[in-house]
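Feature annotations, reproduced from TrEMBL:
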type     : residues                             : note
BINDING  : B:16, B:17, B:18, B:19, B:191, B:338 : FAD binding site
ACT_SITE : B:82                                 : active site
BINDING  : B:82                                 : 7-chloro-L-tryptophan binding site
BINDING  : B:347                                : L-tryptophan binding site
COMPBIAS : B:494-503                            : compositional bias 'Polar residues'
REGION   : B:494-519                            : region 'Disordered'
Ligand SMILES: Cc1cc2nc3c(=O)[nH]c(=O)nc-3n(C[C@H](O)[C@H](O)[C@H](O)COP(=O)(O)OP(=O)(O)OC[C@H]3O[C@@H](n4cnc5c(N)ncnc54)[C@H](O)[C@@H]3O)c2cc1C
C-alpha cells in the first residue's frame, strides 16, 4: 500500500495520533509524516483511564514502560469532595465519594449488584457504596497493587489508568513514532492544496516542500479567534506533594472543580472557569490562598465543537478533541477513540462520504455521552440519565465507550441522588440474606485491601523496574 | 403522574398467546405473590395466532431465566435444534446461502475475515470456497450435524450458538402450566369493554359475562387486535409496509420429517417466501406474501405445491400490517407481542422482541405510580430494537436481481436512511459498524449481503501489500479443520435422542454468535 498520511499539529495530540497511526499502518507499508507546527511547550499532566491499556496494546508497548518514562502514578478513578453544595444543603461534614473505573462488588457479571446495593444502602445509616468497591477502598487508603494477569476478577475490580507527565508522555510517544519510521518535519506555515474533486492532494510547507496526501489528520486546536463559549483553564505543578493516593481528586470550588493528578514526583493541579461568570483574579486569589504560591499557567478551551470530524480525506481531530479537554475528562480518551474507530474503517480511496457520515455520527454520540457526564456534575436531574437513575437506579445503555455505567452510577449517587424504586428483579431476596451477602463481600474486599501495599510502594517497585504485583 | 397503585399491585395480562404466557412466566418468577397478583385472561373462543415456531438463541436464556429446564422444554414442545436459516432464491433465483448463528472465519492480522475473503475473491483464487463454508454453524447445517457449542472462547466450537424450532401452542401450554404452579390466576373470558379513570388510565376490564376485573397495571398481549393499547388508548401505529410489503400469510402443518434439518428454510417465491420449520411431531409450513402481487387462491396453490410432506390441514390465512405501535407503553398499559408491532417472521425475531420487552418491563417496573421516566425509557429502548431489526429485514428484500414484479418493486423501493447509509458505507470500504444495542451484528449482515451478491467496491487499504497465495493457503487449512470437526459430530436426529440429560447444556448467552465476545 503506498498510502501517505500526513498528521498536522503539535504536542500531545500530534504525538498520540502519529504513534497510533504509525503502529497500526506502518507494518502495511503506509508512510506517515508528522508536521509539527509551532506552539508553546505543554507542561502539565494527563489522566487516562483503562483505555490506556488499549493504547499500549496497539503500540505493542507495556504500560510499565510508559509509567517509567512519563514519571506517572496509578489511577483507579476520581475521588470527589463537595463541601460547598453539601454545606449549602445543611448536611454535616464534607461530602465525599469515589467514581471508579472498576466495578462494584466482587464479580463484574453479577447482574443487578449495583441496584441491590443501592436498595440495601437505603435502609442503612452508612450511605455510600465505597465499602463495596475495591477501587474506592484502595484509593482512599492510599493503597494499590497491580492485579496479576491470571486474576481477571481483580483486574476488573481494580481496572486502572495512569496519570502521566504530559511532556514525558509526548517525548516517549515521539521516540516510539521515530522508531516506527514516522518522519517529523517542523513547519512554520502550511496550507493544503485541494484537488478539483475536493480532497486535499498535498500539504505545502513554508519552506517550499510539498507533501502528497492520501489522508490528512489535522490535530491542531482551532485556530483564529475563538468564538462562542470558551472556558479558561489554569494549571500548575506542585513538586512538594508526593504521589499519595492512586486516583484523581476533584474538589468543588466556587467556580467549578479543582482537579489534582498525582505524579511520581509531585502533582499537577488544574481547574477551569467560565470567564463570563468568574474573574480570573478571584480564581487566582482563591488558589493562592488555598494552595500556596505556585506557577499557574493559562490555556483556553472552546466548548462547542463542529459536528463533522471527517470531511473529504481529512479528519479534523484538533478542534473536536479540544472541546472535550476539560480537567474532569481529558482529551486522550476521545482522541484515542476517534483514531481507533477511523483505523477500523480505513478506506482506500479519498472520498467515502457514507463512511464519513457514519463516523461523524459515532463522534456525535461519543460527544453527547461525555457531555451528559459533564452536565450531570452540575445539574443531574436535567439529564435523562440522571432522571432514570433517580427513579430506577439504572442508566441508559451507552452507544460508545465514552463513560462507563459504573462511573455514571457512582457519580449520581455521590451527588446525592437516591433511586426511588428498588429493583424488581431482586424482590425475591430476603433483606437479611442480602445484608449477610453484602457483609461477606465487604469482608472479602477489606481483606484484599489490608494485604495490599501502599500506592507509593507499588509505584516505587514499578519505577525501579521490579515486578509490580506482590501476592494478594 | 398517573394511577395510584394499591397495596398488592394487581397486574392484569390480557391475552394468552405466547406473549401473554411468556410475560406471566417472567413476572411471576420475579414479583413475589405476597405483593403482586398476576392474572391472565384469554379467550379460547378467539384463540391465538398459533404460529411463531422458529426462534433465535435468546430463547434459551429466557427459559433459563424463568427456570424451565431445556430437556423438559424440548420434550414438551416437540423441539428440534436450529443453527441457521437457509435462504434459497433470495437475491437471485439460483442463490442458496445460510444465515448462521455463528461467525465465519477468524480475524487475521487484526483485520476482519471477510475483508480477506473478499480480497481473495477479487484476486480470483480458484480454491476459494463460498463465504459460509468458513462458518462451523453453516457446515453443521449443511451436513445436518449437531453438538453443543463450547463455552471456551479459545475453541473453534465456541463460535456458534443454537436455538429451537418448537410448537408455539405447546409452548404456551407449557408456560401456562408453569405459571399456574407459581400462583398466576387464569381466566378464559372475552373482554367486551374497557373502563378508564378520568386520567385515561385503564381501571377495569368488563368481561362478556358482566364481571369486571380491576387492575393497576395492564399488559396488552391481545395480538394484532391491540384491545387495550390501540382500541382503547389509541397509541397509533407506524406503518412500515412501504419497506416490508408482505401483508398476508398462509400457515399449514404437514407430516414430520424423519431426518429434520437443523435449520429453518426460507424459500423465496414470486411474491414473498415460503417457510419450512421441522418439529419432532410435524412440519410447520407457511407462505408469506404481498397481496398486491399474489391473490389468496394462487398463494394457497403455491404453498401446497411447495410442501415436501403431506399436508395435515387446510392452510390458515393470516393478515398483518408490518410496523410498530408508536408508544408500546402508554398510561398504565404496556403492549407486548403482536399488539406492540409486527415485523414479518423472516428472521424469527418476534419472540426475541417479546423477551426484550419483558426484560425492559422488569427493569423499569413502576412503583406506586407510573412515571414518565420508566415509560419513556421503555419506549425508547423498544423503538431502537424494532428499528434495527426492521433495517435488517428490509435488506433481504432490497438486495435482489429477481425479475418478478414484486422483487423489482423491492429492489427499487426507497429504504430508511439508517439502512441506506450502512449499505453505502459497506460498498465504500467493505466495513460494517457494530451496534452496541440491537440484535444483528456485522456477522449477520455479511451473511445476507454476501449471500445475496452484494459486494463492496473497495476494501480496507491495508490489504494492498499482502500475498494472496499465502492467505489462500491459510484459509484452505482453516476450512479443512472446520470440515473435519463437523464430520466428527453426531447427526441432528441422533443429538435429539441423546441430549436428554438435564443441565448438560452450555450456559445460555445473549449472543446470536456463541461464546466469543466479538460479534
Ligand atoms: C405468519 C406468521 C409467522 C410467524 N412466525 C414466527 C416465527 O417463526 N418466530 C417468531 O418468533 N415469531 C413468529 N411470529 C410471531 C409470533 O407468532 C408472535 O409474536 C407470537 O405468537 C406472540 O403472539 P401474541 O401472543 O402477541 O398474540 P396471539 O397469539 O394472537 O395471542 C392473542 C391473545 O389475546 C387474546 N385476546 C384477544 N382479544 C381478546 C379479548 N377481547 N378478550 C380476551 N382475550 C383476547 C387471544 O385469545 C389470545 O390469547 C409469526 C407471526 C406470523 C403472523
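Every residue, even glycine, has its Cβ placed from backbone N, Cα and C.
The structure, with features from TrEMBL marked on it.
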residue	record	DSSP (3 states)
B:16	FAD binding site	coil
B:82	active site	strand
B:191	FAD binding site	strand
B:338	FAD binding site	helix
B:347	L-tryptophan binding site	helix
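Those residues noted as binding FAD (B:16, B:17, B:18, B:19, B:191, B:338) have their most widely separated CA atoms at a distance of 19 Å. Residue B:338 (FAD binding site) sits 16 Å from residue B:347 (L-tryptophan binding site), taking the Cα positions as reference. For the pair residue B:17 (FAD binding site) and residue B:82 (active site), the Cα-Cα distance reads 22 Å.
Neighbour count (other Cβ atoms within 10 Å of the Cβ, all protein chains): 32 for residue B:19 (FAD binding site). In this structure the alpha carbons, written CA, of residue B:82 (active site) and residue B:347 (L-tryptophan binding site) are 12 Å apart. Around residue B:16 (FAD binding site), a 10 Å sphere centred on its CB holds 27 further CB atoms from the protein chains shown. Taking a Cβ cut-off of under 6 Å from any atom of ligand 1, the recorded positions B:16, B:82, B:338 reduce to B:16, B:338. When DSSP labels each residue, the compositional bias 'Polar residues' (B:494-503) comes out as 5 helix, 0 strand, 5 coil, counted as helix, strand and coil in that order.
With all protein chains in the displayed structure included, the most crowded Cβ environment within 10 Å among the binding-site residues B:191, B:338 is that of B:338.
Summarising the environment of residue B:82 (active site), the number of other Cβ atoms within 10 Å of its Cβ, over all protein chains shown, is 29. Cα spacing between residue B:347 (L-tryptophan binding site) and residue B:19 (FAD binding site): 18 Å, rounded to the nearest whole number.
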